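K.L.:
Submitted below is the structure of interest, expressed as structure tokens.
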Amino acid sequence: MIFTTAAVLGATLGTASGILTLCGLSLICRSCKKGKLESGEDADPEKAKPSVLHSSEQFSVEKSTEPIQPRTLLKFPKIYKPKPSVTSSEVISYPDHASEKGGEPSPEGPSTEPDAGNQATDSSDTFTILRQDSKDETPCARDLTNGMTTSSSILHPKLHFSLTYYTDQNELHITVIEAEHLCVGSGCEGYVAGVLTFAAGQREAQTSSRRLTSHTRWEEGLVFSLPGGYEVEGEVALSLHSCDRFSQNTNLGVMRFKLVDVGMMSNADCWVDLQPPKQQDVQSAGELLLSISYLPAANRLGVVVMKARGLQSDKLKDSIDLSVKLALKHQTTKLKKKQTRRVKHKMNPVWNEMMMLEVPRELLSKSSLDLEVLNQASPGEQESLGRCQLGLQASNTGLQHWQQMLDNPRKQIAMWHPLYD
């Protein structure tokens, strides 16, 4: 029993001493390692490893009043694009191809073109956008410029003639040579009429009728007798007329000159622009207020029939049932017809109706609008109270309104138009 207790006690003390010995040895090893690390850092601080808390670089901050110029740190990567074929015209100005062939590279390298990283490598989807100060025109800009007709780009009819005064016969000979820039329909014939107006009276002469085209020649003479010579007060008017298959006579333009200018114009070829004829002083049957606009992107002509005033009351005795009929014409061919609703029992009717007409922009110069105010006198019977025309072939307000529409696309322009029987 005594030996068993001594053995157990000895084993327990041996185990405890072993554990204490191991703990002491581990503490001694840790202290030794820590001492070696601290001694190494003090002896050679340059070999110390940099960390987040201990940096190997030392910075010094100094105040300076000089501006700091930033440096570009980011560079766009070089984009490898397929080289053009040898037969392409772009090979001459392609910088990469020139450098490979031994030529001088362009002064601007790939690093100076930051937009190169956004360019597509497929040549079929690459678009060129020119700067505003470039002298070249893009096809799109050229199409927009030439597609939309403006009043400044309208070509008025021109007349080519010459005149000679024969002193021994006291006769003025005017030779009508040709006319150009004529906008007429197919099948129209035309002639040039001359009217001499002076104190002794009025004399008229005209050429023969010819089939009208954009360029028509006559080479015919008009003879006027001047018994008192040309140094008298008077004038000569030359006008170009067209006549369609319905025998409707239209004055395309007129020019005038004084008799006292015959001596200066004698034996000289003259090219003159024919001006629209003046509207005759005829009592109007009322007025019609219209607003028109043109949308180039949609090729649509908008016409707003607003209201009328001053209609002749002698034609509105029995019943008042008013409407406006509109016709779109290309030269002499009617393309579209529309009519407003009827307004009853009002001498100054108000419609405020918009009508949209599809007209390509290249046909605007040869198109026109005919409007007519109608009264439903009885069932099935409509009486015309007056009409007006808008277009480059019209005169006065009709011509002025159309020109303002061409000069101001996408803008509503309103104007009163007199109505004539």
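Using N, Cα and C of the backbone, Cβ positions are placed for all residues, glycine too.
According to TrEMBL, the record shows the following:
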COMPBIAS  36-49  compositional bias 'Basic and acidic residues'
COMPBIAS  53-62  compositional bias 'Polar residues'
COMPBIAS  118-131  compositional bias 'Polar residues'
DOMAIN    155-272  domain 'C2'
DOMAIN    284-417  domain 'C2'
REGION    36-66  region 'Disordered'
REGION    87-149  region 'Disordered'
K.L.:
State the mean pLDDT for the domain 'C2' (284-417).
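P.N.:
The answer is 91, the mean pLDDT of the model over that range.
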K.L.:
Sort the residues of the domain 'C2' (284-417) into helix, strand and coil with DSSP and give the three counts.
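P.N.:
With helix first, then strand, then coil, the domain 'C2' (284-417) has 20 helix, 75 strand, 39 coil.
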K.L.:
Mind tallying the domain 'C2' (155-272) by DSSP state, helix then strand then coil?
P.N.:
7 helix, 74 strand, 37 coil
